[in-house]
Each structure stands twice: as C-alpha cells, then as structure tokens.
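**Q** OK, TrEMBL features for this one:
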SIGNAL    1-29  signal peptide
DOMAIN    30-128  domain 'Phytocyanin'
REGION    132-203  region 'Disordered'
COMPBIAS  132-142  compositional bias 'Polar residues'
COMPBIAS  159-171  compositional bias 'Basic residues'
COMPBIAS  172-189  compositional bias 'Pro residues'
Amino acid sequence: MINQLRPAWTVKAIIVILLSSILFRCVTATNHTVGGPTGWGLTSDVKNWASNTSFFTGDNLVFVYRPEHDVIEVEEQGYAQCQIRSPIRTHNAGTTVIPLTYPGTRYFVCGKPGHCLEGLKLQVDVLPSPEIVSSTPSTETVSDAVAPIGSVEGPEAHRGRHRRRPPRSPRRYPPPSPSHDVPQLPPSPDDGGNGEAPEVPSTNGALVERGWVDFPIAYLVYYYNMLLLIKTIANYYPLL
C-alpha cells in the first residue's frame, strides 16, 4: 500500500515545485502602506512619504484610514485643484488595496470637505517592473562583450566570430601570409616518404566543436529533464 502511494506523492511534490516557480513573481510584489505607520490621515506627511518610495508595476497601494476619511482616485486636474467632479473610483471601506497594474501617474485624494486642501492627497509615479526594464539592456551588454573577443586579425576569425566562440587555448594557427612560404617538414618514416607536409589541424573545426559542447548540450539536458518530468506526470496522473 505504501509503495502504491509513493509515486502519487512524488508527482504531487513535482507539481508543487512547478507552481511555486510560476507564482514566484506574484510573491515578490511589494505592498506600500500609504503614509507609513500613521496611515491615510491629516497627521501623515503623505507627500514626503511618496517622494521617498519607489512604485513598480505589480505593487499594491494599501490605504488604512478612519471613518472620517475616504479614498477617491481622480484625474490630474482634480488632484491639482482639489475638485472632485468626475471621480474615477471611490473607496470608503477603511482598508483599501489598489493594485498598480500599469506604469504611469495616478492621483488620489480624500473627498471629505477641506481634507484635500490640507494636504491629504497622493500622486504615485508607477515605474515599469525591474524585470521588464532589465531585459533590453542585457542583450546589448552581451553584444558588446562578444564584439571585442571576435575581433581577431585574419579573415578566418572575422568570418566566424558571430557563430562560434574563440578557443580558450592560447595557441592559434593563423592563415599563412602571402609574402611567406610555408616551411616543408622532412618526411617521417610513417608517411611513406611522399614529402608532403603534415596537415595542420583546423581551428574552425575545433571552434565549432567547442561551441557545440558549450551551448546545445545544456539545452539537450534541459529538454531531456522536461520530457522526463512530463512522462512521470503522465504515468502517475490517475493516482492523483
């Protein structure tokens, strides 16, 4: 009985790990309590708090306030003039959580008479998620790093620098210069005395072979593990 239940628990553990990795982005979101410890009120320096806080897409604004206050999202003009003519949303539950789902500027005020004029209003400048911002520069950094490595003198190095990595060994075999003759080595006893020079090993094949080992093997191992995982789930799915 224990041996029959063991595969089911194994599959459940695998599914939990996969779901945890997928939901990792949601866990990293930050909840910002507006106004700090004092919350959304007249005694809070909301403007100073906002200027010292960074807001990113995926974060949440948490308004905590007493019954004599409320939270109203307005346009820029309503925020600047403290005139609530066309409110976007109105909240008065005492605790309000507002997700920051897109980058840009959002405005919030307290709709009670005189509270906005006394400074109970908030301007939030939402920045793109750090993951989205860092994705584009990373490509440029890799391109800049590869360019100096591939800039080796000689037509063979220039022609293959974008499709293979240079050898790690300091020894290289540059192409013969037109102004110099390749020295002929004496025949060895094993070659039958034909007088031909021994073949110089090609660096192109070594480079291609090295690139094949560095890149596709890792992907093959990854895809093999994924196929093994899918096969395991498919075999024991009825036991869930």
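Just so it is clear, glycine is given a Cβ too, placed from its N, Cα and C backbone atoms.
Automated prediction, rather than curation, is the source of TrEMBL annotations.
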**Q** Sort the residues of the domain 'Phytocyanin' (30-128) into helix, strand and coil with DSSP and give the three counts.
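**A** Computed counts for the domain 'Phytocyanin' (30-128) are 15 helix, 35 strand, 49 coil.
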**Q** Between 0 and 100, where does the mean pLDDT of the domain 'Phytocyanin' (30-128) sit?
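**A** That stretch averages a pLDDT of 96.
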